[in-house]
Amino acid sequence: MQTSKHRDDTRGGYCYGSLLNGRCASQNSQLMTKIQCCCDSGRCWSDGSMPEMCPIRPNIQTQNITNMCQAFRNLCLNGRCIPMLGIGYRCECNMGFKLDTRGECIDEDECDRNPCAHGECMNTPGSYICQCPPGFQTTATRTECRDLDECVANGRICNNGRCVNTEGSFHCVCNAGFEISADGKNCQGPLSSDIYI
């Protein structure tokens with residue numbers, strides 16, 4: 001009977017993670033039993049002879065294994081393995097990961113939602129970071145760009161005037177008798193060409 005063959009198959013062999021044009025591809029470097037390979041993410045397995053295809057969704061009858069999650073610790077990478085009667089297990093994904101069509105947890109690209117207003121989003125495994133342009137600063141979690149208040153952050157700007165913060169920048173409102181400098185960062189006395197006698 002085929003199920004007993006699977007159940008008693010404890011031979012070490014090679015696990016292949018994908019199929020390419022109907023052939024086994026992406027060989028895993030460590031030896032695994034057929035059950036380990038097919039219950040994890042393997043697509044086919046070989047003990048060195050003819051490769052054997054894994055079932056589409058492993059439904060291997062396993063005697064003496066009541067908890068697939070404890071028996072195979074490498075199930076549900078980037079998530080939590082939940083033992084299920086009948087189907088073996090299911091995966092609950094960690095934050096930042098989502099279930100794919102095979103029931104495995106893959107990275108979710110948070111940048112698709114454009115979370116970095118005023119900045120550039122960079123996807124990371126399970127999360128993302130915002131790279132902020134000048135005039136903005138990143139938060140402690142690096143997931144947001146907030147306006148940098150140049151009037152507070154910079155010590156010596158808008159001398160002889162008042163600093164007004166704007167989104168991503170600032171401008172100076174000069175005191176009476178002063179005008180904005182060429183670089184726009186300070187107020188200076190007017191350069192008079194008139195000489196009074």
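Keep in mind that glycine also has a Cβ here, set from the backbone N, Cα and C atoms.
Bond annotation: of C93, C121, C130, only C121 is listed by TrEMBL as forming a disulfide with C111. Residues 118, 133-137 of the same chain sit 6 or more residues outside the domain 'EGF-like' (147-188) yet have a Cβ under 8 Å from a Cβ within it.
The 10 Å shell around the Cβ of C111 (disulfide bond) contains 16 further Cβ atoms across the protein chains shown. In sequence order, E110, C111, N114, P115, Y128, I129, C130, Q131 make up the list of same-chain residues 6 or more apart from C121 (disulfide bond) whose Cβ falls under 8 Å from its Cβ.
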